[in-house]
Amino acid sequence: MAPIVLPTVLIASAYLLSTVSAAPNVDELVGTWSTKSAAVLTGPGFYNPVNDSLLEPTHTGISYSFTADGYYEEAYYRAISNPAKPSCVSSIMQWQHGKFVLNDDGSLSLNPFSVDGRQLESAPCTADTATYTRYNQSETLQKYQVYTDPYTKLTRLDLYQFDGTPVNPMFLAYSPALMLPTETLNPTSSAKSTSSSKMKRWLGGADEPEEPTTSEGYLLPLNKNAKHISRGIEQPSLIHRIDLDLLWWAGVGMTIFGGAAYLL
């Protein structure tokens, strides 16, 4: 029986090592990943939190970013075809960020900051205006794979949706990740998602919805309560605080006074 002990120990050790090596490792996720065109990237080039706007990329695509301490950001830009009228292509842009958990089974749980997500829908053939709303959608990714793509020789990330459907492959674009600050950028007094609040931003057209405005008639942004924008919403500019008629007469008086002083 003695000769059997050593092979058994070796087999058990090999199994243990393979199990440890296969354990989920968040470090290999760290960075910014983008689909092949690399036109869509997370960060300030896709969402501008200062003026609360989504910036349209040159091509459609997907981008995800992950940090070692459990934060993520995602950016989607998709075209939606219309088989009945091919020229009427609509588009949708989505942006979210928040925290993620790498589970023991290798799945990923993505939990966004509920008030920060944004979505822009555009259907030029059916609506005169685009619809800009808050967006809040938690995600479960069944698994992921990071490896060197045999064709491009680039570091590749494959994500799989909750049902096993593969997401378009992404490639490492930045390491460390290109991301906006990993905190709530647009705090509100009541954190509700778009599905319940139905809040919209008017982007031009015939029927303007009723929305709160400043004293000068400008629409208040969705992120009006954010630290980086709330300070200046109701502050009038210098030109509104000066009486231009009074300034003109003061100039005339100074000219006359200067001329009289010169003649004396």
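Placed from the backbone N, Cα and C atoms, the Cβ positions cover glycine too.
Here is what Swiss-Prot records for this protein:
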COMPBIAS  188-197  compositional bias 'Low complexity'
CARBOHYD  N51  N-linked glycosylation site
CARBOHYD  N136  N-linked glycosylation site
REGION    185-217  region 'Disordered'
SIGNAL    1-22  signal peptide
TOPO_DOM  23-243  topological domain 'Lumenal'
TRANSMEM  244-264  transmembrane segment
Can you tell me the CA-to-CA distance separating N51 (N-linked glycosylation site) and N136 (N-linked glycosylation site), as a whole number of Å?
20
Number of Cβ atoms other than its own within 10 Å, given for N136 (N-linked glycosylation site):
23
N136 (N-linked glycosylation site) - helix vs strand vs coil (DSSP):
coil
I'd like the number of other C-beta atoms within 10 A of the C-beta of N51 (N-linked glycosylation site), please.
8
